[in-house]
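Here's what TrEMBL has on this protein:
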DOMAIN    43-90  domain 'PHD-type'
DOMAIN    117-179  domain 'Bromo'
Amino acid sequence: MKAAAEVLKEVRKSVATCSDEESKRTKFEKAKKQYPKIKGNKDVFCWTCHKSGNVATCSSCPRAFHLKCGHLESIPEPSKKWICPECDNVRRANSQTSTSQLKVLSQMLGYVIDRMKQVRGSEDFCEPVDTNKWHDYLDYVIKPMDIPKLADNVRRQMYKSTEDFLSDFRWLVHDSYVYILFILLTPRQLRACLPLLSKSVKKSR
């Protein structure tokens, strides 16, 4: 489970490289002006690369994808349903989990959550984003995610597979990319966190 403990540590370490709060805020405000705001109940930022642009939206979730990122030849017609790769992966994984396995799965995921909470700096993700401080957060983030929300879903046995859990965890990563970390981290730094968590979940099975 050491890999799980490294996930948020890696994020924290990368963010710490920018220590000048005033400079960081100025840079952040300038960067936000270049990005579109959410309209309706669908994301405007690609789930894969976290950038804006011409995107296709999933019929089953708020996620959006560029054509290349979603392996599409063209934007689907509004009248046609399109299931994104993330939803498809979760559905496939969930179909292989029996009801009798859910309790064991939830116990295992609870252990992962506990390990995440122990990481120094994880307090940044241990409560919902303060929208009084970040007043326009919901203008850019379609589905806020935090560790307590993940923990509550685990407690209620909402996840039917490890992929189901990882899919929700990726919202935390995506949200961070879109609103905060896209100006502080390189894509390589943040993307490195996902394999670490995925590896730790597989080891705990």
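Just so it is clear, glycine is given a Cβ too, placed from its N, Cα and C backbone atoms.
All annotation found in TrEMBL is predicted automatically rather than curated by experts.
Counting residues per DSSP class in helix, strand and coil order gives 36 helix, 0 strand, 27 coil for the domain 'Bromo' (117-179). Model confidence over the domain 'PHD-type' (43-90) is summarised by a mean pLDDT of 90. The domain 'PHD-type' (43-90): residue composition by secondary structure is 6 helix, 5 strand, 37 coil, according to DSSP.
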